[in-house]
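Okay, so here's the structure we're looking at.
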Ligand SMILES: CSC[C@H]1O[C@H](OP(=O)(O)O)[C@H](O)[C@@H]1O
């Protein structure tokens, strides 16, 4: 792949007929690039739950398209029956993963559209839903570009950037969020060096981030998660760039498990720690990070998933939180599509408080 291909990757889209969602199966990358065309209720749920589609923004747009696809399968003609069926599908899709707020926000947005078109013929409601989902996709692409542009003031030629998990085009859209500035800098002829945490247990850093960066011709070095301290201590890192899954009103940020540890290390070594956040990932209903639900995943991801043989006895207990919360005090700045927000985040994030999509 080239830089252009990476930043325009077709990771999530509605099928030409509008009756399925087409994704790259991220669970198979980097060894296999396989496109899936999904239209079944259970397979759409499973794609989110098993991270075939992953990354907060990508999950949100996928869910909006999935809601359109399932609504298009209804045979209901009355609005009441249509809305009952939509509501059941919405609740089902929403239950696939709890932490990334983009999932719930995208489904709520589709709900707003359906209710704003109450009483219209079902085909007209379906048209409005599809138009809304396409608009959400476009907005995410535009936010990614703006975030990446805003991140440019945080880097200089030759910088070393530590990344954790994957917040590139695969998990978002266009340039990406946490990685977007790296792609934009490359496009503008700058040289940066990325040190990529592998990000156990599902290895999004090893499998996806290095795949994207390497394909785009960006110098990257894969490290184990327990090597973050030594590369900081050796002066290889000028900044840490991460994405996010849910940002509370005070700036506490949920991101992939291990992020808070990286933030603590960065503070110890005096290295700036930046969260790249589309406004769609801010949740003002969470006053602090304590209000963010952390997804607990299956122990097999720790003991077996990427090993030829299990690497622990089957009876060994495991604890597999998929995210953790970084205290706002450890975050140097939150880079959004509207600019760079700094403490106090309660005040600086407040500009995003108005509803992104007032009902039509
Ligand atoms: C900008 S992508 C956001 C976020 O999603 C990843 O989680 P997952 O791979 O489980 O979907 C990771 O936390 C990224 O930072």
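Keep in mind that glycine also has a Cβ here, set from the backbone N, Cα and C atoms.
Among the candidates 13, 85, 97, 297, the residue that TrEMBL names alongside 54, 55, 56, 204, 255, 256 for the substrate site is 97.
A gap of 11 Å separates the Cα atoms of residue 54 (substrate binding site) and residue 245 (active site, proton donor). Of the chain residues outside the substrate site list 54, 55, 56, 97, 204, 255, 256, 51, 59, 100, 165, 166, 167, 171, 243, 245, 322, 323 have their Cβ within 8 Å of the site's Cβ mean position. Counting only the Cα atoms, the space from residue 256 (substrate binding site) to residue 245 (active site, proton donor) is about 8 angstrom. Residue 55 (substrate binding site) sits 10 Å from residue 165 (site 'Transition state stabilizer'), counting Cα to Cα.
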